[in-house]
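A.B. asks: So that we are looking at the same thing, I have put the structure below in structure tokens.
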């Protein structure tokens, strides 16, 4: 496991000058060549693992199911395509089918509708605007207002032990007012009290203006129902609109939560930042309560997602020292998913010896490549010149 102390150690032992090199010098590599991943923007942090889920070219799985108009049918529905039973999906995510029947009518809960999560509401859909988006498909999560209940969509990580992460998605929210779309981390209260709950949220409310997004480190209110103004920030994201494609990012690091839209910091908080290993979740829902609002019967709302990316530390497999970790525990091979040309593909930015110091290849020597794990800097005045994906040379 990577502790906060070790995160700080990475920051001290890997020189920041590697970020000064132009992006053109960085050639794609693979996750297996990376000992840790350095993020950019206002707070640079190091993470140990990387996952990327791409829904942009899945035409073979396109299937848009009709809504199911019974509670039991929604809960018992099968997955909508074989993609959601593939190892790529099931090794990381679990689609939910629980309902809120045990919460309705209890003190402090203002939900007025039975909400039923359904595998039928998560599917791969064809993108009708491929020419603009360069994405032939995307994943859709749907919520539907039925006569006497609301069907919803939710999936969560198989692991409940993500401990610090940078979580990103390219997504948009569309549909009728009265719904919530969200990306968040969650750790339930071990003693049942609200105070010990740990949760960090990005939420779009479809009844809000299209340039407003809510960010919260839960709990946002006390046991007696009093709201805590320090917990939430309703950010206005300039001219950007959540009903068009946006690049959302949430960075959870020790003592801090930061949220970005299209690379711009829109909210940050050190109040009630999650502390312990957590689950990662995505959902689209409504329950007729004051937070979501109440949708009109027959109305639908959606979150459409082109891709999800996560940089993270602890999960069920301890991170620990591997073959690319030096004796001091610092990163030897440092990669970035922010400095390359291709979303989801890391580039090697530093691959030095003890302490992560960068080495330099001689003139005419190899300096980069998809499977290259040697020096990436060039000696003297030589520059690393791209030849093809598997070879760049100091010239």
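Start at 1 and count along the chain as shown; that gives each residue its number.
In case you wondered, yes, glycine gets a Cβ from its N, Cα and C as well.
Note that this is a predicted model, so its numbers are computed, not measured.
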A.B. asks: Which range is it, out of 187-212, 213-238, 239-264, that shows up in TrEMBL as region 'Disordered'?
C.D. replies: 213-238
A.B. asks: What is the average pLDDT across the domain 'CBM1' (359-395)?
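C.D. replies: Across the residues of the domain 'CBM1' (359-395) the model's pLDDT averages 77 on the 0 to 100 scale.
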